[in-house]
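Here you go, one structure.
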Amino acid sequence: MISKILCLSLLVAAVVADQVDVKDCANNEIKKVMVDGCHGSDPCIIHRGKPFTLEALFDANQNTKTAKIEIKASLDGLEIDVPGIDTNACHFMKCPLVKGQQYDIKYTWNVPKIAPKSENVVVTVKLIGDNGVLACAIATHGKIRD
C-alpha cells in the first residue's frame, strides 16, 4: 500500500513540475528549467493572483558571494520589470557559489491580481553574481489568465 502511495506521489510530482523549453540568453549555464503546471513547448498558463513556481538547474560560471534575481516580462511587446519579487537569490539557494559547480534554485512568487491578461508573454529570468550574469533563460510560450 505504501509503495502505491509513493508511486502515485512521484507521478503527481512529475506531472506538476515538468521541464519547459527555454532559450539560453547567456553561455549555456542553464541545464534545466521546471515550472509548475507547464510542459515542454506547450503554452505556460500563469494565473493572476496565484503563486507561480520556477525551478532551475544551472552551472555557476563564476565564484560569487551574492546572487541577484532579475525577472522581466514582455506583455504583447511591452517589457516591464516584474514587481513584488525578492531579488536576493541567496534566499532560495545556498550562497556563496563556486565556479563550475551545479546549483538548484527554486523560486515562488505570487502573480499580482492586477497583472494584465495577455496571450503573448515572454519572461526573461537572469541570475546576476558579483562578476556579471550567472545564468539567463527566456521562456517564450506564456499566457496570463484569471
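The backbone N, Cα and C atoms fix where each Cβ goes, and this holds for glycine too.
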Have a look at Swiss-Prot and say which candidate in CYS25, CYS44 forms the disulphide with CYS38.
CYS44
Just choose from CYS25, CYS90 the cysteine that Swiss-Prot connects to CYS136 via a disulfide.
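Checking Swiss-Prot: disulfide partner of CYS136 resolves to CYS25.
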What is the disulfide partner of CYS90 among CYS7, CYS95, as given in Swiss-Prot?
CYS95
For CYS95 (disulfide bond) and CYS38 (disulfide bond), what Cα-Cα distance in Å is obtained after rounding to a whole number?
28
Look at each of the disulfide-bonded residues, CYS25, CYS38, and point out the one with the fewest other Cβ atoms around it within 10 Å.
CYS25
